[in-house]
Amino acid sequence: MEDIKPNVELKSTQEQSVPTEGSELLNDYDLTKAHETENVDGTEGPANEDEDIGDDSMKVKDEYSERDENVLKPEPMGNAEEPEIPYSYSREYNEYENIKLERHVVSYDSSRPTSGKMNCDVCGLSCISFNVLMVHKRSHTGERPFQCNQCGASFTQKGNLLRHIKLHTGEKPFKCHLCNYACQRRDALTGHLRTHSVEKPYKCEFCGRSYKQRSSLEEHKERCRTFLQSTDLGETASVEARHIKAEMGSERALVLDRLASNVAKRKSSMPQKFIGEKRHCFDVSYNPSYMYEKESEMIQTRMMDQAINNAISYLGAEALRPLVQTPPAPTSEMVPVISSMYPIALTRAEMPNGAPQELEKKNIHLPEKSLPSERGLSPTNSGHDSTDTDSNHEERQNHIYQQNPMVPPRARNGMPLLKEGPRSYDLLKPPPICPRDSIKVINKEGEVTDVYRCDHCRVLFLDYVMFTIHMGCHGFRDPFECNMCGYRSHDRYEFSSHIARGEHRAMLK
């Protein structure tokens with residue numbers, strides 16, 4: 001076996017030094033190969049261990065012979081199917097070479113269609129480049145080569161990793177040129193810039209209301225379609241809605257929207273029905289004839305505006321300061337003007353000469369015909385926009401107040417009630433709307449207390465602020481339309497359930 005290696009080296013050296021002997025070199029190679037095979041077969045001893053060495057030598061000679069063949073051949077290969085070289089690989093190498101060739105042809109045909117795109121062999125997705133295809137295949141394999149060295153989060157693309165790193169560094173490269181807002185993503189800055197724009201490109205074709213975002217418009221359209229289907233008005237309702245929108249001022253609409261959102265955010269200021277404590281006893285005789293029967297008996301818009309302003313002052317005017325100026329507290333100069341509008345119940349110490357009997361003698365009871373005008377003082381939100389009606393209301397109110405000058409509340413025993421000093425909002429609130437001979441609310445001490453009634457819901461309130469908040473929930477022109485979200489109820493039961501459940505919160509923008 002030792003004689004084989006020198007012969008192989010000698011043969012290779014001779015082949016390199018004599019490149020001009022063409023056919024003789026190939027013949028010598030065949031004879032030498034046959035001679036070496038006979039020597040290997042006839043060699044005694046551990047011949048199996050040296051078979052690998054013989055194979056390596058054959059590979060080396062194959063490579064050299066291929067080089068010499070290329071050098072000696074002057075003409076290029078014309079036909080690949082009929083090669084002129086009488087040399088071929090052994091059977092074992094041909095088997096593997098065929099497998100590689102088949103794989104190459106199949107992958108080339110499937111991933112390289114005629115359009116130039118590459119297809120995913122798993123789902124068939126077409127990609128424009130090889131890099132895009134590799135990123136897509138990571139979604140099938142689950143490979144995430146880009147990993148954060150701080151928290152260990154992995155990503156399929158480098159851009160996502162760079163965006164994630166900004167969370168750790170706190171970098172906010174995208175800044176608003178109008179305010180101090182800064183963010184990490186460009187799309188977030190684009191959405192923020194819409195808040196500075198005055199225009200509202202997304203407009204509802206049903207009612208004409210406009211929004212800055214498409215999502216807000218879609219939510220509004222669902223409610224608007226529901227409204228049109230429930231009322232069954234169709235195109236007529238759309239025209240009326242546009243007319244109402246034109247009548248209502250933009251400033252007033254902004255105030256109401258801010259007020260509704262503020263009420264929704266404050267759970268403590270949500271309108272609540274007065275149930276009453278157990279120690280209070282009620283002596284109520286309700287007369288259904290006091291309900292409004294005509295639209296001309298509804299309250300004028302001046303009282304409605306006052307109720308809204310009182311609710312705004314109670315809920316907090318900081319959020320509404322750019323739109324509404326909170327009226328200041330009444331001073332000594334304003335009290336005479338307010339007293340001419342509303343009678344102020346004075347205590348015994350404030351009465352002249354401390355004699356309430358003189359005032360009681362001056363009290364003139366009103367006939368039954370004046371009851372509808374008293375009910376007109378209820379600060380409801382169902383206003384009738386008519387100048388003639390407003391002037392008639394004012395004339396009747398002045399006539400009533402002149403005949404009813406500052407009567408203190410009295411108990412059953414005929415003694416006047418002692419009250420604490422009037423608070424700031426007590427000077428502006430109207431007198432109780434319910435006639436004392438029809439509805440009386442008596443506390444545990446047997447004293448008659450002031451009561452405020454919502455004629456739409458038939459609910460009594462002992463607190464004027466809660467009464468004002470409740471009346472602010474009624475719609476302007478339809479008392480059973482929610483002033484927060486626009487939901488229209490069929491009766492007072494559905495309206496009360498809607499307010500109690502707070503369904504309007506999900507409808508707010």
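Each Cβ is built from the backbone N, Cα and C atoms, and glycine gets one as well.
Note that the structure is predicted; figures quoted are calculated from it, not measured.
Feature annotation from Swiss-Prot assigns compositional bias 'Polar residues' to 10-20. Residues annotated as compositional bias 'Basic and acidic residues' in Swiss-Prot: 56-72, 385-398. Positions annotated as SUMO2 cross-link by Swiss-Prot, on the basis of similarity to another entry: LYS61, LYS73, LYS100, LYS245. The phosphothreonine feature in Swiss-Prot is assigned to THR20, THR326; the stated evidence is similarity to another entry. The phosphoserine annotation in Swiss-Prot covers SER378. Under the heading region 'Disordered', Swiss-Prot lists 1-85, 365-421. Summarising the annotation, Swiss-Prot assigns zinc finger to 118-140, 146-168, 174-196, 202-224, 452-474, 480-504.
In the zinc finger (146-168), helix, strand and coil residues by DSSP number 11 helix, 4 strand, 8 coil.
Mean per-residue pLDDT, taken over the zinc finger (118-140), amounts to 88. With DSSP classes pooled into helix, strand and coil, the tally for the zinc finger (202-224) is 11 helix, 4 strand, 8 coil.
Across the range of the zinc finger (118-140), the DSSP-based residue counts are 11 helix, 4 strand, 8 coil. Sorting each residue of the zinc finger (452-474) by its DSSP state yields 10 helix, 7 strand, 6 coil. Helix first, then strand, then coil: DSSP counts for the zinc finger (174-196) stand at 11 helix, 4 strand, 8 coil.
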